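Right, one structure below, let's go through it.
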Amino acid sequence: MVISDNTRGLILAISSSLFIGTSFILKKKGLKRAAAAGTRAGVGGYAYLLEPLWWTGMISMIVGEVANFVAYIYAPAVLVTPLGVLSIIISAILAHFLLKERLQRLGVLGCISCIVGSVVIVIHAPQENMPASLEEIWILATQPAFLAYVAATLSMVLALILHFEPRYGQTNILVYLGICSLMGSFTIVSIKAIGIAIKLTLEGISQVAYPPTWFFLSVAVICVITQLNYLNKALDTFNTAIVSPIYYVMFTTMTIIASAIMFKDWAGQSASDIVSAICGFITVLSGTVMLHVTREQEPVPLPGTVTWYDGEHIKAIEDGHYILLHDSEYLDSYSVSTKN
């Protein structure tokens, strides 16, 4: 039995979504355990690096990303990219059963809007003109239009990190995910360049001594580390079922914009494709607003509160009250008398 390339790509893309969707839950549970033993990642703690469950989620995410990367080799982007929404559905289902996180009805509608809008954008997005050599990518990366995009993006990232994060990072989910998504657009460009370098090297044309190879590799490493850091903060602060779709939407949007500017893919596009893409953006924006309005944020214990982790929940004693903390709400609370 012969399996077609599209079928291989489809299987890899579905497997990728399964691993990535599961990774959100594993990392979230690891972050919760680490928070009970030290400083939360949302306020600058790194205790999660010692948590095996977090590393299990990290490995799951890496496997998923590798599968997603290989899927693009066998199947077209129009097939692979929309399947990324499966990771959102998987993480939402697992979060419901394992983390007891809930979305209000408006939040569910917002999630659906985000998925529909993203699929519309991807389907009607311009086709990439993939360069055949690293030299071609370097020329495209140093063209004035893309350099202007790089300058604008880095300015926004610095503004988010230096100004908005200290003030609004714990209350506005768009701060952390904005940083992840903006840096993610650079990650995709760098990964494509590295992929071409690896392909040429395997074909006998070594790219090891070519300076742009190491430049793109350095950019990819820096961007990935930055993304992981702020994604961890977002997962530790906000509901997983909300982080997943918003991150997917913002990351997909920034990737399409960066690709369109760098590879000039919009040239020759039909009016119907352009209008459809705009409608997709509007749908995504509407869904993002609905998700942001209905988001449920975890309660943060006040200084001096005694907290501990019992294997399933984070519990606390605050002002003479025993509190069972959960991801998005107080599940139980009753008074503990300190008097005879």
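If you go along the chain as it appears here, the first residue is 1 and each next one adds 1.
The backbone N, Cα and C atoms fix where each Cβ goes, and this holds for glycine too.
The transmembrane segment annotation in TrEMBL covers 6-26 (among others).
Sequence-distant contacts of the transmembrane segment (46-67) (same chain, six or more residues past either end, CB-CB distance under 8 Å): 12-13, 15-20, 22-31, 33-35, 37-39, 87, 228, 232, 236. Annotation source TrEMBL lists transmembrane segment at 46-67 (among others).
Under the heading transmembrane segment, TrEMBL lists 73-99 (among others).
The feature transmembrane segment is assigned by TrEMBL to 106-125 (among others).
Within the chain carrying the transmembrane segment (137-162), a Cβ under 8 angstroms from the stretch's Cβ atoms is held by residues 131, 175, 178-179, 182-183, 185-186, 189, 192-193, 196, 212, 216, 257-258, 261-263, all 6 or more beyond its ends. What TrEMBL records for 137-162 (among others) is transmembrane segment.
The transmembrane segment feature in TrEMBL is assigned to 174-198 (among others).
Look at TrEMBL and you will find 210-230 (among others) tagged as transmembrane segment. Outside the transmembrane segment (210-230), and at least 6 residues removed from its termini, the chain residues within Cβ reach (under 8 Å) are 58, 134-135, 137-138, 176-177, 179-180, 183-184, 186-187, 189-191, 193-194, 197.
The transmembrane segment annotation in TrEMBL covers 242-262 (among others).
Positions annotated as transmembrane segment by TrEMBL: 274-293 (among others).
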(message) Same chain only, please: residues at least 6 beyond the ends of the transmembrane segment (274-293) with a C-beta under 8 Å from a C-beta of the stretch. Say none if there are none.
(response) 106-107, 109-121, 123-125, 173-174, 242, 245-246, 249-250, 253, 266
(request) Would you kindly list the residues that approach the transmembrane segment (174-198) from elsewhere in its chain, counting only those six or more residues past its ends and only Cβ-Cβ distances under 8 Å? (result) 69, 130-134, 137-138, 141, 150, 153, 156-157, 160-161, 164-165, 168, 207, 210, 212-213, 216-217, 219-220, 223-224, 226-227, 230-231, 233-234, 237, 243, 246-247, 250-251, 253-255, 257-259, 262, 292
(request) Sort out the residues at least 6 away from either end of the transmembrane segment (6-26), same chain, that have Cβ-Cβ distances under 8 Å to it, and list them. (result) 53-54, 56-58, 60-61, 63-65, 67-68, 70-76, 79-80, 83-91, 94-95, 98-99, 235, 240, 243-244
